[in-house]
Every structure is written in structure tokens, then in C-alpha cells.
Amino acid sequence: MADEAKAKGNAAFSSGDYAAAIRHFSDAIALSPTNHVLYSNRSAAYASIQSYTEALTDAKKTVELKPDWSKGYSRLGAAHIGLGQHSDAVSAYKKGLEIDPNNDALKSGLADAQSAAAAATRSRSAPPPSANPFGDAFSGPEMWAKLTADATTRVYLQQPDFVKMMQDIQKDPSNLNLYLKDQRVMRAIGVLLNIKIQTANDDSDIPEAEAEASSPSPSQSERKRAAEPEREPEPEPQLEPMEIPDEEKEAKEKKAQAQKEKEAGNAAYKKKDFDTAIQHYSKALELDDEDISFLTNRAAVYLEMGKYEECLKDCDKAVERGRELRSDYKMIARALTRKGNALVKLAKSSKDYDPAIETYQKALTEHRNPDTLKKLNEAEKAKKDLEQQEYFDPKLADDEREKGNEFFKQQKYPEAIKHYTESLRRNPKEPRTYSNRAACYTKLGAMPEGLKDAEKCIELDPAFVKGYTRKGAVQFFMKEYEKALETYREGLKHDPNNQEMLDGISRCVQQINKASRGDLSPDELKERQAKAMQDPEIQNILQDPVMRQVLVDLQESPKAAQDHMKNPMVMNKIQKLISAGIVQMK
């Protein structure tokens, strides 16, 4: 998602739509806040609209995240130059050149910064330049916002040559003199200065026939000009104040008042004064129904107050109105997330979570917000837990276990497993059911599944002896005799006279002694060694430097070997290697 937003930002930047580029890069940063390239790109976009303070902040973040990236210092230097901080710009470019001495962009930037610094020094003693008669009309993103707001100039913005002229004027206001003959530029000046310009060529009030009659023929014009003295140059077009309609003034005042009401609502919300917050947000909606943040904020208050139905209504209105107004997709996603929160609060059964989950999913399609994703995961988990609670029924679980027992007696093990599984769904805390299903898995040769069930049985009830016999049997069949022996011994702690476990110990000792005496066939030895080498415990013993020295002494120094055997820990590890067939004693 971050790469997609970055690509959109790059495309907008290339087309000169810097405001859109900033928006897309900001979206990408929200998804990947440690990506230095995104801050670098947004810094360039801010600099393009002369928002140098923001450009400097992003450039500093770029350098902070990636101190060894030369382009970050290029962005830093450009931002400092834009703010008139020439010495800082020189310092930034020099740091970049320390990282990449051959970087042409850094070299050029350094030269520009040094020239600007020198010019600034000279200008301190020179008289101040005459003020720009148009003030800051062409600076910053406000210029493009005003041109977009006007119906006439909005059309001009679709014309590449007009956009280029305005960009040239924005870069250097003195370029305005080059384009004064273009009526579109004159119209744009009127919009930016909030005045009405009457141009010399404006003949819109002259009827078409009269206009034609007033134009003499070429020959008449030539003769007339020959007889008349040369005219003085016509004065510049006069600028007349452009009146703003009362309706537009009233609309702007209402929007401003609505924002004040919103701020008052936010302050009340922070103080937990929810009733007052509701009043302010409602008043804001009356003044301006084109800002859906008033609805989403009021929905948040209703959510805090436990008025979930009112919250849902406001969220639905916000989504509907937002789509009509083509509002920012983040705002629509916020409304959907708040709706999902209210639906979760209203959920009483597992099925009640379905609309909440669906709403969160819709919110994520609008904007993939990490917080929304977290809430979706929580809702899905809550639904699953509640489903399990709703399905819980110990009586039905016992009935299913008895059915499984009947099939087990008939040696119909797959059918028995089916009923045992259903019993566990009804009551997942019953150790006997896990024990019975472990026995079925053992009969079917599914040893890993049987071992897992036996271990779960012991986990639920460590004193339930049957769990140890099941686990020991599975380990014995898996030829893990040492582990089986340990399991049986652990079980005897709870029932010292249990014959089944005593028999299990006897079988394990037989197999272990068989390996010790070297009575295994070559195939059996090979199989046991291969299996042992997959055991992490055996691997750790063989990798232990002390044990490796012990094994060498066993072969080369009988006296040293006898000393090692006096150590119980060493003796225990050697016994494990003997049982595994790795070591044979003769």
C-alpha cells in the first residue's frame, strides 16, 4: 500500500500537482513511517509550493533516518535556501559532499548557496528594493486554491500553457510582464487580488453589428494613421474592486462559524462534557453540512456515551454524505470504523459480530489504517471465542464421548475419532476425551496426533494417570525409548502401583539394554541412529565440547573414562547416546 501511494505521489509531482503529491506522500508515510525516501519526496513537493518550513522539517527527518544518504542533504540545503538560511544551506551541501564528493546536484546547490550568501551580504548595505505591487498574491499554495475556486480560472487550469505561465510567475513575479497581454493572466490577477479588471480589448458590451461598423477598412485605417499624429501609449488597465456577492460572504461566514463550533465541541469532548460537545457539533452541522467531520465527531461522542444507535445513524449519514461530496477517503474510512466500533459494542452473540467485521473490512478498502486492522482482528477473535462458548455443552459432550467409546470397542477408529472430536468441541476441557482420541490415533498409526492429544490430556489434568500411559505408548511406538521411560516414571509419581506403566518401563529398559549390548541388527541400528540424529537433545550432546572429549577418552584413555563415569550428568548423557545407538559399550 505504501508503494502504491508513493507511485501516485510521484505521478502527481511530475504533472505539477504538488498538493496532491503531498497528500499521497503523507498517506505513504502513515503506512511506512521509517522510509526516508518518502520524507525526501514530500520535502521536494513542499519546496515546489514554497512551503519551506515544512520542507525543512521533512528534510531533517530524511537525514535523521538515513544519515549516509547524500540526497537528504540536498533536500536540507534547498529548504534552508528557501528560508534564506544561506550559511545553514552551505553547511548542509558540504556534509552531503563528504558522503558523495562527485554529486553534481550537491556541487551546484553549494555554489548557489554560496552565491546567495554573498549577495545577501552585499544587499545589507544597499537600499531596500521596491515592494512587489502584487504582494504575496503569487506565493504559496493559496494561489492555486484561489484559481481553482473561481469558475473561469478553473477552466484555465486545464490548459498546460496557462499553468506553465502561472508557474513561471510564481517562481519569479517579475515574469508577469512577459504575460500581461494574455487575457487569461489578467483574469487570474483579478481573482488573486479580489478585484475586477476591465481590459482595453473588452468589447463584451458592444453589439456585434456595432463592433463591426466601428472597425474601419484597412485602407481607411492606414490613411487615417498617416494623417493623425502618433498616439501616446495607452495606460495600463485600470483595476476596479470586484464585489463579492452577499450570499458568498454569508456562506464563508457560516463555514468559519461552523469550524469554531467544532473546536468548541472538541474542547468539551476532551473534558468529558459530552452533552455540550453534542450541542456544538450539531450547531456546526446546521451551519455547514458539507463537512462530514462534524458527523464523525458527534458519532464518537455518542459512542462514548453508550448511545450506539445514534452513533450508527451519524456514521451512516457521514458515509452517504461523504460519497455525495466526494470527501477524502480517509474520512469515509473513519466513519466506517466508528460504525464498526458501535456494532461491536452492541454484539451479544457470535452472529452479531458479522456486520461489525464486514464494516471494518469496508473501512480498510477505503483506507488501510493499522488501528482499523487491529480492531478487525479483535472482532474476529471475539466472534470465535463466543462461538466456542455458545457451543459449550458438557452433557452433549459426554453423549458424544460415549458414542466414540462404542465405536472404539467395535474397532471403528475413524468413526470414534469423529465423535471424540465433536465431544471436544462441546467441552474442550475434558482430559478423558483427549486420552481416548489419543488411543484411536495410536491404533491408526497417527503417532504425532496421538502424542499431541496425550500431552494435552496431561496439561489439563497432570494427575490423570491415563494420559501418561497414552503418551508413553506413543513414544515407545515411535522408538523414543528414553523419552517413553521418562514419561512412565513421571506417571508412577501419581500412581506408584500402576501395572500398565510398570510394564511400559520394563519394555523400554529391554530395548535400551538391547542397544547397550549391541544386539541390534544393522538395519535396526541404522534406523535408530538416523532417528536419534534428528533429536535436538542428542544433537546438543554431540555438539558439547566436554562430551566430545569424553567420547574420545572412552576410546583412547580407559582411566580418564572411568573418572568421567563418576559424574552423574555425564553418565546420563552417555546412557542417552547408548540408547540412541550412537555409542556401543563392549
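Note that Cβ sites are derived from N, Cα and C of the backbone, with glycine treated the same way.
Quantities reported herein were computed from a predicted structural model and do not represent experimental measurements.
Summarising the annotation, TrEMBL assigns compositional bias 'Basic and acidic residues' to 221-234 (among others).
TrEMBL lists 235-248 with the feature compositional bias 'Acidic residues'.
Counting residues 6+ beyond its ends, the compositional bias 'Basic and acidic residues' (249-267) has Cβ neighbours under 8 Å at 276-281, 283-285, 287-288, 291, 293-294, 297-298, 301 in the same chain. TrEMBL lists 249-267 (among others) with the feature compositional bias 'Basic and acidic residues'.
Below 8 angstroms of C-beta separation, residues 16, 18-19, 49-51, 132, 134, 185, 187-189, 191-192 of the same chain, each at least six residues beyond the ends of the domain 'STI1' (140-179), sit close to that stretch. The domain 'STI1' annotation in TrEMBL covers 140-179 (among others).
For 535-574 (among others), the entry in TrEMBL reads domain 'STI1'.
Residues or ranges marked as region 'Disordered' by TrEMBL: 117-137 (among others).
Sequence annotations record features per position, and here TrEMBL assigns region 'Disordered' to 203-267 (among others).
If you take every residue in the repeat 'TPR' (2-35) and average the pLDDT, you get 87. Per TrEMBL, the feature repeat 'TPR' maps to 2-35 (among others).
Among the features that TrEMBL reports, repeat 'TPR' is placed at 70-103 (among others). Tertiary neighbourhood of the repeat 'TPR' (70-103): same-chain residues 36, 40, 43-44, 46-47, 50, 52-53, 55-56, 58-60, 62-63, 109-110, 112-114, 116-117, 120, selected by CB-CB distance under 8 Å and a gap of 6+ residues from either end.
The repeat 'TPR' annotation in TrEMBL covers 258-291 (among others).
According to TrEMBL, the feature repeat 'TPR' maps to 397-430 (among others). For the repeat 'TPR' (397-430), the residues of the chain that approach it from at least six positions outside its boundaries are 388, 391, 436-437, 439-441, 443-444, 460, judged by C-beta separation under 8 angstroms.
Under the heading repeat 'TPR', TrEMBL lists 465-498 (among others).
Here the repeat 'TPR' (397-430) is broken down by DSSP into helix, strand and coil counts: 27 helix, 0 strand, 7 coil.
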